[in-house]
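K.L.:
Got a structure for you, written out below as structure tokens; questions coming shortly.
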């Protein structure tokens, strides 16, 4: 462990909380709608196009939309081709130093850095700009311990029951298992919650489309923001996807 | 359109091809396995833990794994707290300039820059380090046109049939519709394919776990790499998730 004490712990333990909301009713409606329409239902599309409403728009409702367009012009800085090549190369070399580390030091990190990193992740694009994410920073040792317990319990089940031999063998090569000591040692855990729906003013649920993809993209930007400080931006996909434990976290 | 000609087009049209492979057989096996086990089946976990095998490991197979661990020490550069705060703030300000632009110029961009950006995305973490992504750069005008046709056809169906009123209203605020002229004007399209499985030496399928999350994280890192060159790293989630058209692209 000492070997790894040079690692900054703040980059670990990004847990993407994927709330297991299954919108059966909505599914039903979508299927009805699609079979009614002259277009065949395409599960791989419909999957992410769930909505709590059952009123597809008619052709004519789209008329006049084009005249109505009022986009905002973008003015960005420019670089020469040589400069673009140089910058893109340098950024590749920096991010290529990131490693998914499993042993971390408890060395403190300024909270302002964490806040900047989360702010950066919050610039991520999202479906219909719903920004379906919630970032929670955990510092309390007791809470970190409870989170570790939940994560390890679920991971042990994953390794022993849920995963197949092939995946387990992949992971053996990586020397990982369900023990996640770093969840205790890291001074911060950043929990990332996926919001599968929002609330309308009338209190009704409003589906957040492509929410898992949106949150995962934000995680990628968060990783880049962590790495830009030239410390290993850690993301354990195992943690990221521990949906059961994540669910438990917010119960 | 002219207003937007200062935009570099290369940052647009990231299309995440989500191949619609449904592993029913595997599901069935997983359910059997989980109901056999003393642990309840947790759909929100199992969903991403599909595997082509049906042989969960037994407790004793895990013994001795710990003694066996041989991790690689990490040595990264260090920054002072003040420097970390400064760098994280600067990166936030840079990424906060990113916009999801819909009108682009056809101005050429060095291919080397595209290659660096894709290399950077390739540093993303992935489930069991399967790296379940394929990046395809398209320059041929005819192929770009065919891709645009497929995307627009599916998007029109999305807007008119698949989406509900709520989402459509969300999008009206954003002034978007299914017309994606930028897919013609951008000198490069970066198609991002999700590999839902790989092949074992014996030719058998090997599931790539958490592949959608892994690819989406790589997309976030790709966006950051684009933006680092201080041009708008564009990602349209609509494009990103056009699974039907993406499927069609690779047929």
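Glycine is no exception: its Cβ is also placed from the backbone N, Cα and C atoms.
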K.L.:
Of the residue ranges A:209-228, A:229-248, which one carries the transmembrane segment annotation in TrEMBL?
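P.N.:
Going through A:209-228, A:229-248 one by one, TrEMBL flags A:209-228 as transmembrane segment.
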K.L.:
For the domain 'Nitroreductase' (A:96-225), give the DSSP counts of helix residues, strand residues and coil residues.
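P.N.:
Per DSSP, the residues of the domain 'Nitroreductase' (A:96-225) fall into 64 helix, 18 strand, 48 coil.
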K.L.:
Please compute the mean pLDDT of the model over the domain 'Nitroreductase' (A:96-225).
P.N.:
89
